[in-house]
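Data first, discussion second: the structure below is written as structure tokens.
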Amino acid sequence: MSLTPKFLTLTAMSGGAGAGPRGPYMSFITDRNTNLLIRGGLLFSVGVFLALVLNLLQVQRNVTLFPPDVISSIFSSAWWVPPCCGTASAVIGLLYPCIDSRVGEPHRFKREWSSVMRCVAVFVGINHASAKVDFANNVQLSLTLAALSIGLWWTFDRSRRGFALGVAIALLATLTTQLLVYNEFFQYTSPDFLYIRSWLPCIFFAGVITMGNIGRQLALVRGGSEHLLMRSE
């Protein structure tokens, strides 16, 4: 007598049936809510960690300044910055594979953990360049970071929906940052575009692509297939 499972794992195969394992997968957790919760928690942790590391680079360069009364960590960051970045990372990392499943086109380009780790390394490198490399002017810096960010998308994503989501979320994040600076939650030294640095959207775009890649990889099943957990009837 066969039992109907409570949840079914639907896969959209992107490789052959004999494809070997390429890293840890979350697909063995077939409960949809539990799966989302664990993936969201992992993405949140990655976002918090990257926020602390990247903010340390900016503070060392004296790019970001927080008022003394909100300095509450060894990284000279306001306490609310890492949780906000972690939450945004979780949302973005869950949104990308969700969009892929909605349009019915699983993302197949460079779906392995080694590629994701290289993407993270390039993203950190772009942030390091923005904080450490001296440019003649802000226009040159912005154009350079824009080229590097688009290069990151071309190297590790290459999907139109990934690019569109990256641009949309980067613009939204830039607007949010502008509102925070305007209300004096923190400030940027030498702002050159409406209270903020003009290259900030490029950093946000690169971050969105990076977290999207991590989220897509966490949503893979063994063998390189994107999965969707659905209730059986």
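Cβ from N, Cα, C; glycine included.
Positions annotated as transmembrane segment by TrEMBL: 36-57 (among others).
Per TrEMBL, the feature transmembrane segment maps to 77-96 (among others).
Positions annotated as transmembrane segment by TrEMBL: 139-156 (among others). Long-range neighbours of the transmembrane segment (139-156) within the same chain, counting only residues 6 or more positions beyond its ends whose Cβ lies under 8 Å from a Cβ of the stretch, are 109-110, 115-116, 118-119, 122-123, 126, 129-130, 133, 162-163, 166, 198-199, 202-203, 205-206, 209-210, 213.
Summarising the annotation, TrEMBL assigns transmembrane segment to 163-182 (among others).
According to TrEMBL, the feature transmembrane segment maps to 194-214 (among others). Same-chain residues lying 6+ beyond the ends of the transmembrane segment (194-214) with a Cβ under 8 Å from its Cβ atoms: 43, 46-47, 50, 63, 88-89, 92-93, 95-96, 115-116, 119-120, 122-123, 126-127, 130, 138-139, 141-142, 145-146, 148-149, 152-153, 156-157, 162, 165-167, 169-171, 173-174, 177-178, 181-182, 187-188.
Non-local neighbours of the transmembrane segment (163-182) in the same chain are 88, 92, 95-96, 99, 153, 157, 188, 191, 194-196, 200-202, 204-205, 208-209, 212; each lies 6+ residues outside the stretch with a CB under 8 Å from one of its CB atoms.
Beyond the ends of the transmembrane segment (77-96), by six or more residues, the same chain brings 36, 39-41, 43-48, 50-52, 55-56, 59, 66, 70-71, 107, 162, 165, 169, 173, 185-186, 208, 211-216, 218 to within a C-beta distance below 8 angstroms of the stretch.
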